[in-house]
Amino acid sequence: MNHLGDIMKNSLKVEPIENGTVIDHIKQGKALNVYNALDIKKDKTITIAMNVPSGKNHKKDILKIEGIELSKYDVDKISLISPNATINIIKNKIVINKFKVEIPNTIEGILKCTNPNCITNIENVAGKFDVEGREPLKIRCFYCEKFLNSIEVYK
C-alpha cells in the first residue's frame, strides 16, 4: 500500500466534536429516526454515521451533534427508538458523562394513543403511558388502557 493509503487506513472517518452530544450504539438503520425525533435546529453541525461496524458481525448507527446537550425528554424519545443507545456528553473534546438510555416507567407527551376514542385524540390531552414490558416493549395508555407494542410505538 502506498503512503496515502496508509494515512487513509489509519485516519478517523469522522472528526471528533468539540462540545455537544454523541449518541452511540443506535440500532442499525435508526439514526435518521433519532435525528427526526430530536427536532434539532438547522444551524447545528450534525454527523450521521450508519451501518458502522461494531463488534463481531454487528453494525450500529451514530449521531454526533455539535453544541447540544439533550434533555431528559429527548433521552426518553431515544430510548423508545433505540433502547440500547448510549449518550456521550462532550466538553472540550473530552467525554464528561456517558450513560445508557433507559425506557422510563411512564412515558408522557411523546406518543399519542392509537385508539381513536381515547381522550388524547378527542381533546388536547398529552399522551401518557405506563410501561408494562421492555423486551419486547409493551405500553398501556393511562387513559383508555389500550396496549401498544413495539411495532406500533416505533412507527
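Using N, Cα and C of the backbone, Cβ positions are placed for all residues, glycine too.
Under the heading Zn(2+) binding site, Swiss-Prot lists C113, C118, C141, C144, citing sequence analysis as support. Cβ contacts within 10 Å of C141 (Zn(2+) binding site), excluding its own Cβ and spanning all protein chains shown: 21.
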Exercise. State which of the following binding-site residues has the fewest other Cβ atoms within 10 Å around its Cβ: C113, C118, C144.
Key: C144
Quiz item: If you take the centroid of the Cβ atoms of C113, C118, C141, C144, the listed Zn(2+) site, which other residues of that chain have their Cβ within 8 Å of it?
Solution: T114, N115, N117, I119, T120, N121, G127, F142, Y143, E145, K146
Exercise. Check C144 (Zn(2+) binding site) against DSSP and tell me helix, strand or coil, would you?
Key: coil
